[in-house]
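Let me begin by presenting the structure, written as structure tokens, before commenting on it.
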Amino acid sequence: AAHPLLMPPVLSPCRYRAFTFGLTFLLYTSFHLSRKPISIVKSELHKNCSALHELSTTGSRQLPRLHTETDCSWKPFDKSNYKQLLGAMDYSFLCAYAVGMYLSGIIGERLPIRLYLTFGMLMSGLFTCLFGLGRIYNIHNLSFYIFVQVANGLVQTTGWPSVVTCIGNWFGKGRRGLIMGIWNSHTSVGNILGSLIAGYWVSSNWGLSFIVPGLVIAAMGIVCFLFLIERAYCSVTGCRKIGRDFLPLLLPVQQVVVVKSESEPSAISFMGALRIPGVIEFSLCLLFAKLVSYTFLFWLPLYITKAAHLDAKKAGELSTLFDVGGIVGGILAGVISDKLGKRATTCAVMLLLAAPTVSRSVSLSLGLALCMLLVCGGLVNGPYALITTAVSADLGTHKSLKGNSRALSTVTAIIDGTGSVGAAIGPLLAGVLSSRGWNQVFYMLMAADFLIVDLKCALMCV
């Protein structure tokens, strides 16, 4: 039966696609922008104590005891096991993110994307700001920071399944690799902006390094609530089913007639999504890909600080080179996979080339190592971007689903949730292995790259 509804005026579908493309790009940019500050602030949390310890061992007897919260490391990160404590903070966020992701996709299939995403962004802004308020209100309890990280990890899981589902609803399979490759550069853009924003305040008041990104993602949550269009709609001629409660508030409206379908396909179950060919294999591939990418994300600025003896701001700026390379790599991976029609082959070749660049960065001088960082960022983040976007969208609309479009969010959540297990393990292992030398961390990353290649070869043989 036909029901009159208030709908936006009928404009060119291309304009709506472009609008949705740009808006979801900005929305998820703010997610990554709010995750980056912790990696920039790490070197500030344990900075001055190390310097004072070195000065005290030179035999200077005139040094007063300056082991305070103002002139020394931020308690409780002032102890010799500070790397393990910082790793535990990373692990708490990423572990909560991994666990929550499996549930998020299932919930997201059953709720309006616009409202679900808005809630997650507002709550993420709150918890990101809370971490920064720990500096302003002199909170030195480790449990407080762990709680904030866990809570933030859980609410951030609302983001990825929602935006991938939304972009998948608007774009077909035609040039999905290229489109998703360009769109997924929001990850690197968010990391770069997060590094620059956090780096601006890290030395003067690192609390603002969290509060400002927190306010940004909260503001983008309001923008999401007002403007996000969940899926394509149509007028009286040739109309298809629309998403529930998708209409944003601030678009001009006019009355048109929408024909609703009599029956709506039910959302796919968790086990049903696992049975889709390729979901388990690509999920395991992403596990190791995220292990590598998130180890760089959370530990690269600290590595540059220790290896090159730079301050936190400069190290944060240099670490953005990895993300700059990631932008190019993501687009390149999308273009190549579209041309060849082989997603697994594209990922395998890029990661096979990534392993030598990781190993070479250990022994090179700083200048050459930073150049290698650009190349490494492209080769690592290219396959990562391809799996989380184009591959997830392909599998979420697999022919075995027989046209049921309500599987995309669950499939995306399974793949990204499994990948997030690797994202949790990588930084944790980096915190443990770095105490034995940074070479051990790079060897771990190389091993992960080779494991992904093995899985990709298995996929190509299926």
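We count from 1, first residue shown onward.
Just so it is clear, glycine is given a Cβ too, placed from its N, Cα and C backbone atoms.
Just so you know, TrEMBL annotations are computer predictions that nobody has curated.
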Query - Annotated stretch (transmembrane segment, per TrEMBL) among the listed ranges 140-157, 320-337 - result: 320-337
Query raised in the report: transmembrane segment per TrEMBL sits at which of 16-33, 430-447?
Result: 16-33
Requested in this report: Look at every Cβ pair spanning the transmembrane segment (16-33) and the transmembrane segment (320-337), keep those 6 or more apart in sequence, and say whether at least 3 of them are under 8 Å.
Outcome: no
Query - Arithmetic mean of per-residue pLDDT over the domain 'Major facilitator superfamily (MFS) profile' (23-462) - result: 77
Query raised in the report: So what's near the transmembrane segment (279-300) in sequence-distant terms, Cβ-Cβ under 8 Å and 6+ beyond its ends?
Result: 35-36, 38-39, 42, 90, 94, 191, 273, 319, 322, 344, 347, 351, 354, 358, 376-377, 380-381, 383-384, 387-388, 391-392, 395, 411, 414-423, 425-427, 429-431, 434, 441, 444-445, 448-449, 451-452, 455-456, 458-459, 462
Query raised in the report: Of the listed stretches 85-107, 113-133, 182-202, which one has the most C-beta pairs under 8 A with the transmembrane segment (407-429)?
Result: 85-107
Query raised in the report: Who are the long-range neighbours of the transmembrane segment (208-229) in its own chain, taking Cβ under 8 Å and residues 6 or more past its ends?
Result: 8, 16, 19-20, 23-24, 26-27, 30-31, 33-34, 36-37, 40-41, 113-115, 117-122, 124-133, 135, 166, 194, 197-202, 246-251
Query raised in the report: Mind checking which residues reach the transmembrane segment (366-387)? Cβ under 8 Å, same chain, six or more beyond either end.
Result: 177, 180-181, 184-185, 187-188, 282, 285-286, 289-290, 292-293, 296, 307-308, 318, 321-326, 328-330, 332-334, 337, 343, 346-347, 350-351, 353-354, 357-358, 360, 415, 419, 449, 452
